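Reviewing the structure listed below.
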Amino acid sequence: MSGLLEMSLGKFRNVLLNETNPVEAVIRNIASNVTLIIFQAHAQQKDVTVSFDKFPSTNNSATGADRGLISILHPQQSVCTWYLQSLEANQVFSTAVSIPYTARDPIPGGCNLEFNLEVDPNIYLEYNLVDTRIKFAPANLGSTRGESPPSCDSGTGQNSRWRLHYDIYQYFLPENDLSEITLMSHLRKMSEVKSIKANGMKMITLTTNDKTDAYFSSLPGQGVIYNIIVWDPLWNTSAAYVPAHTYACSLATLVDNCLSPTKLPTKIFFTILAVLGLFICFFGHGFWKTDLFYMGFIFMGLFFFVLITRVTNLGFDVCLILTAVAGIVGGLLLVAYWWRFGFVPLCMVLVGLMLGLLFASMIFFTPLGDYRVFRDDAVFWVTFSCIALMIPVVFVGCPRFLNILACGIVGSYSVVLAIACYLYTSLAYITLDLLRRILKNDFSRAYTNVPFQTNDFIILAVWAMLALGGVTVQLRRERGEVPFPPHPYRIWKRERERRSTNILDPSHHIPPLRERIHNKLLQIRELFRKEQPAGERTPLLL
């Protein structure tokens with residue numbers, strides 16, 4: 001037997017749904033100036049079915065976590081009925097609401113040609129680890145009760161649906177909060193036009209000439225609600241679609257779910273990188289070869305990660321291991337280059353380039369990165385390269401300060417990346433969005449807006465204090481010291497020549513390396529030689 005849910009226009013009602021007993025939602029005493037009602041139901045992770053009939057079919061129902069139906073009212077109609085049902089045997093917690101609109105308000109999804117419903121006000125959401133796509137059906141102009149809405153193909157003039165505009169809004173849930181109660185309470189802020197404008201962030205405005213979809217950067221583990229307001233500029237009226245939410249991850253799976261989106265090898269990798277980065281942040285310039293190894297590790301590891309990911313289909317864990325190996329080799333090669341040639345300017349170009357890459361990524365992490373002009377890859381990469389190369393050019397006259405600055409900022413940012421493996425923070429997307437832009441050809445179409453909440457402010461303060469503290473400590477430690485250590489190969493060569501020409505130098509009489517190794521082996525052999533038996537030891541007389 002189905003349950004009965006008495007509803008009022010604009011009022012949210014929480015309801016428990018299951019598979020066997022559909023719930024009948026009823027609204028009575030509808031005012032005569034209301035021409036259509038959008039009825040919608042939301043659940044956190046399980047699908048719910050909203051239908052006009054007790055027995056749902058493809059053309060009279062919608063199924064999903066965020067779904068709704070439009071009821072266009074007939075003359076004298078004052079009662080509306082819908083049916084709610086879950087696809088799960090267990091009870092599913094959901095919330096439902098009905099939003100009224102009048103004759104001059106647009107009809108969301110009124111010109112649907114893609115989806116099953118004749119009038120479809122739903123937002124269809126698809127996501128992966130890189131980007132999230134939302135799709136929706138075009139709207140139509142409103143009409144009074146008893147009149148048919150204008151034809152969707154009646155022309156492209158100002159008296160047709162082509163005058164409508166679509167504003168896409170984004171709303172972030174509190175960070176690190178995956179509870180049902182939080183989602184349901186915040187969905188109320190994104191269901192009606194006034195509350196959407198007051199709480200959401202408008203990301204993009206589309207016209208009828210544009211495709212009815214949009215792409216956004218995925219934020220695994222972070223709840224996001226999307227909604228669309230369709231606006232009629234002639235009557236200055238608006239209507240809202242059914243909001244849709246996503247966490248860009250699964251709440252149900254046992255492995256790689258929203259509670260632990262970061263894999264164990266990634267946590268180990270970035271934790272080790274953060275420990276070394278913290279050392280570089282405060283002591284990098286004083287330990288020059290360690291500093292070179294660290295910068296070479298990051299540069300070569302980043303290069304090989306991009307290369308391996310682009311040209312192979314290896315799993316992420318394998319790519320991470322190969323990246324670590326390539327980074328170690330790259331760091332050792334840079335140290336070996338310094339030991340043999342000692343060419344400081346070339347080493348500083350690499351160090352400055354690493355700081356420049358991070359600085360350019362920070363610039364495009366701001367709202368500047370979502371400007372339409374940077375959707376063009378050529379414009380983006382030319383601008384990005386100029387900003388990145390500007391750093392080594394500006395500091396060309398003070399290489400020591402450049403190296404200390406790079407140690408402080410880059411080293412401390414590795415701590416931020418390690419924190420992001422255990423606790424969500426938007427600061428990780430400073431570099432992650434750059435990697436996405438490199439690895440995915442069409443990522444340029446995605447909007448990269450991220451939340452900036454309490455956790456982010458705290459972690460940003462920690463990053464700033466570490467960077468400032470590291471630079472200050474190194475500047476004080478290196479005061480009065482030579483800018484860079486002397487060329488090690490030249491020192492070794494000069495010492496060897498001195499020992500070979502100065503016979504008074506005790507080191508001049510040190511045997512060659514081969515002879516020293518041979519003598520050491522003879523000493524070791526003596527340790528294992530058996531003692532001779534006791535007997536007469538009188539020497540022979542000649």
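The backbone N, Cα and C atoms fix where each Cβ goes, and this holds for glycine too.
Per TrEMBL, the features are:
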TRANSMEM  268-285  transmembrane segment
DOMAIN    271-475  domain 'TM7S3/TM198-like'
TRANSMEM  292-308  transmembrane segment
TRANSMEM  314-339  transmembrane segment
TRANSMEM  346-366  transmembrane segment
TRANSMEM  378-397  transmembrane segment
TRANSMEM  404-425  transmembrane segment
TRANSMEM  457-475  transmembrane segment
Distant-in-sequence neighbours of the transmembrane segment (314-339), which means Cβ under 8 A and at least six residues beyond its ends: 263, 265-266, 269, 288-289, 292-301, 303-305, 308, 346-347, 350, 488-489
Interface-richest range of 268-285, 378-397, 457-475 toward the transmembrane segment (404-425), CB pairs under 8 Å: 268-285
Stretch-level contact, the transmembrane segment (457-475) and the transmembrane segment (268-285), CB cutoff 8 A, at least 3 pairs: yes
Contact set, same chain, for the transmembrane segment (268-285): CB under 8 Å, 6 or more residues outside the stretch: 291, 294, 320, 324, 400, 403-404, 407-408, 410-415, 417-418, 420-421, 466-467, 469-470, 473-474, 477-478
